[in-house]
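The structure appears below as structure tokens.
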């Protein structure tokens with residue numbers, strides 16, 4: 001009902017703007033609708049005019065010229081439907097509801113669109129996607145079409161570039177941190193206190209102190225004392241003597257105290273020249289240079305000798321020129337040149 005009222009109001013507005021009467025507009029609408037039906041039924045122009053005259057619709061009351069009616073009947077026959085708002089919306093929806101897959105296929109059966117990627121990347125897709133945007137829901141369709149393309153571009157090109165940059169930065173950071181660790185280790189070796197020790201002497205000293213601190217076995221001491229009493233008729237070791245020996249060892253241990261120094265400490269020299277530059281001993285220099293990736297000439301020469309060892313050539317047996325190899329033919333003795341028959 002609301003659509004009918006809006007259509008009647010639209011007719012009154014058209015009549016007021018164009019200077020037409022309401023009945024003329026109504027008659028014109030009837031004629032256009034009638035012509036549209038005849039055109040859809042494949043009638044010719046003469047048959048359409050004959051049908052209009054026989055139907056009793058007065059042409060004099062209409063403001064549409066006969067030539068315009070002929071053009072309308074010959075071309076579309078749907079002027080009334082095309083001028084209405086619902087028909088415009090339906091036509092636009094039909095025009096814009098194309099298949100995006102078919103729009104991208106530039107085949108002979110499809111509408112040809114020139115390549116537009118020479119302007120900027122993605123121009124061809126955008127020109128094809130414009131025809132697939134729904135005017136009734138343009139925001140949602142635009143977001144779906146353009147947003148998906150942007151996401152594909154970011155995950156494809158930009159994503160790979162970002163991943164490549166992250167890998168490069170991570171590798172550079174690892175190399176920088178490793179160099180920093182090597183530098184800290186080299187500086188710690190330069191400022192450390194070095195002590196010269198001998199492992200064999202320390203081992204024997206440890207064993208001597210260990211066995212010296214063991215408690216005396218009463219059974220062995222008693223047996224040793226009885227052996228000497230029987231052999232010499234008197235005791236060489238009294239209980240008081242044994243106790244004095246044990247107490248003397250304990251007193252000596254208290255006086256000496258724990259051994260703090262386990263070797264000879266190497267004296268640390270001050271930087272020469274007074275400029276406080278970095279310095280190291282000669283025996284420590286190859287280790288520090290190796291941490292920084294440099295090699296001393298002696299070390300480089302030794303590595304070169306170990307890596308470039310020539311392969312041993314196979315020795316073939318050689319024979320002297322004067323001696324000939326022995327013949328394997330057996331000796332048959334001396335024969336005459338002329339034989340008798």
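Note: Cβ is positioned from N, Cα and C throughout, glycine not excepted.
Keep in mind the model is a prediction, meaning the values are calculated, not measured.
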Could you tell me which of the ranges 226-261, 262-297 is annotated in Swiss-Prot as region 'D1'?
262-297
Based on DSSP, tally up the residues of the region 'D1' (262-297) by helix, strand and coil.
11 helix, 2 strand, 23 coil
